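Down below is the structure, laid out as structure tokens.
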Amino acid sequence: MVQTSNPPHDHENQALVLKSATFSRLIVLTLTIIYRILVSPYDTSAPINPPCLTPNNNNTLPPFPRVASAIENGVVWDSVYFIRIAQCGYEYEQFYAFLPLLPISISFFSRTVFAVFVPFIGDRAVLALSGYVINNLAFVFAALYFYKLSTVILKDHGIALQATILFCFNPASIFYSSIYSESLYSLLSFGGMYYFASGGSNLSVLFLALSGCARSNGVLNAGYLCFQTMHQAYDAMFQKKRVILALQVVIAGAIRSAFIFAPFIAFQAYGYYNMCVGRSPVELRPWCKARVPLLYNYIQSHYWDVGFLRYFQLKQLPNFLLATPILSLALCSVVHYAKSRPQIFFSLGFQTSTEEKSCGVVFLSDDLSRSKIDGTVEKSSVKVEENFNLTRRNKVMKGDKVEVPIEPELAARLGYLSASVLPFVLHLVFMAGTAFFVMHVQVATRFLSASPPIYWFASYMIRHHAKCFRWGYMIWAYSAIYIFLGSLLFSNFYPFT
């Protein structure tokens with residue numbers, strides 16, 4: 001994929017994205033405050049904060065306890081772990097299920113930017129305040145990166161904008177405004193994907209590596225580089241007959257992928273050092289004695305009972321129903337792509353037409369040759385988009401139903417059905433399968449909320465298929481219901497995804 005210049009209206013779209021992202025955060029925060037006032041929390045243990053195992057001097061009563069209490073009352077569910085880690089470090093084994101980027105960021109901001117508030121509201125409230133600010137700001141920038149990524153991949157600024165607004169009001173919105181790792185992960189993932197798609201390999205690797213410090217599934221983003229390496233090596237070996245070039249591509253891809261895995265592996269080594277090294281055989285935990293001592297896998301299995309088909313129980317039926325909308329949307333997006341582009345999908349992109357290759361497909365294009373085809377591809381894609389939009393306008397003026405079929409030329413260069421979307425769809429397949437068969441299935445709502453194809457597919461269906469216009473109402477209704485429901489339940493310590 002090549003980088004194209006921004007059309008005149010692109011700056012207006014970016015400004016609209018920033019306004020939409022900010023407005024959506026204000027809505028969620030307002031709903032959270034209202035619900036906290038009107039509804040009694042199910043669990044009132046949120047303000048409880050026992051002293052750290054390592055003594056500190058930050059447990060004095062602040063002079064404004066009501067303000068501190070109002071802020072700390074929002075520390076619920078996993079937020080408790082993130083704040084505790086930021087305050088006291090990784091005290092217990094189960095804490096290592098929560099990766100360090102968010103706690104480190106919270107701790108840094110609380111000791112620098114917001115340190116002035118500590119004497120007034122106390123250390124824990126300042127930590128929570130830092131978490132709220134970090135995540136809400138990260139979400140706004142994540143939305144901007146998502147828009148940029150969408151324009152590069154889809155080459156359709158209208159669908160890109162619509163998809164981004166859908167992301168701004170996604171059904172997992174409450175988690176993006178709470179002290180959870182979703183916002184940081186989305187910012188780094190979308191940023192990494194954008195630089196990956198536009199040719200910034202080094203920045204892409206850096207962003208994707210940091211995403212693995214925010215959430216464990218960040219390491220799966222290495223799949224994009226592996227996919228690209230596979231195709232570039234194949235092209236060098238069998239198309240160009242250059243063995244040395246193929247070897248160079250494989251080595252470079254392996255190094256970049258290893259760099260993305262490195263932070264997560266380093267964190268596992270850190271946990272092993274703290275929990276296993278220097279302990280007697282009697283004190284050693286079972287995972288310490290394993291041939292491959294993976295602390296994260298052990299914690300998920302031992303403390304949260306995460307594992308293949310473990311959640312398939314009759315009593316978990318409500319949770320499956322809670323996850324049904326997002327899983328259905330993911331399934332439809334994958335099936336529609338596979339049915340529309342079967343040759344590309346089932347060949348994993350190896351049977352891509354010459355026309356599509358000439359358009360600079362993400363996983364086929366060579367970084368060194370992008371500058372040569374940049375002008376050609378840009379003019380071609382812009383022309384295709386203009387022709388497509390002109391056709392739609394003419395149909396509207398004639399009073400016809402706005403349902404323009406996607407021709408092969410358009411599919412090859414523009415929109416959700418382009419070949420460049422393939423690695424993102426395959427990534428979604430793995431993520432959705434993991435959420436359904438392995439994880440606590442209700443987590444799928446927020447787990448898949450950072451998957452671009454879901455929003456691209458929804459926007460594509462709404463815009464290009466008149467008979468699917470009802471999809472718009474269904475998707476927006478689904479998002480609105482989950483935003484209101486999530487703000488009510490989650491903020492008051494009731495179960496929600």
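If you go along the chain as it appears here, the first residue is 1 and each next one adds 1.
Every residue gets a Cβ built from N, Cα and C, even glycine.
What you see is a predicted model, and the numbers here were worked out from it, not measured in a lab.
Positions annotated as transmembrane segment by TrEMBL: 20-39, 95-121, 127-147, 159-180, 192-210, 243-265, 320-338, 414-437, 474-494.
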**Request:** May I ask for the residues of the chain that lie six or more residues beyond the transmembrane segment (20-39) and have a Cβ under 8 Å from a Cβ within it?
**Result:** 73-74, 136, 139-140, 142-144, 164-165, 168-169, 173-174, 176-177, 483-484, 487-488, 491-492
**Prompt:** At an 8 Å Cβ cut-off, counting only pairs 6 or more apart in sequence, do the transmembrane segment (159-180) and the transmembrane segment (243-265) clear the bar of 3 or more pairs?
**Reply:** no
**Item:** Top Cβ-contact partner of the transmembrane segment (243-265) among 127-147, 192-210, 320-338, 474-494 (pairs under 8 Å)
**Value:** 192-210
**Item:** Other parts of the chain folded back onto the transmembrane segment (127-147), taken as Cβ under 8 Å at six or more residues beyond its ends
**Value:** 13-14, 17-18, 20-22, 25, 29, 71-72, 74-75, 79, 82-83, 86-87, 102, 105-107, 109-110, 113-114, 117, 121, 160-161, 163-164, 167-168, 176-180, 182-184, 186-187, 190-191, 194, 452, 455
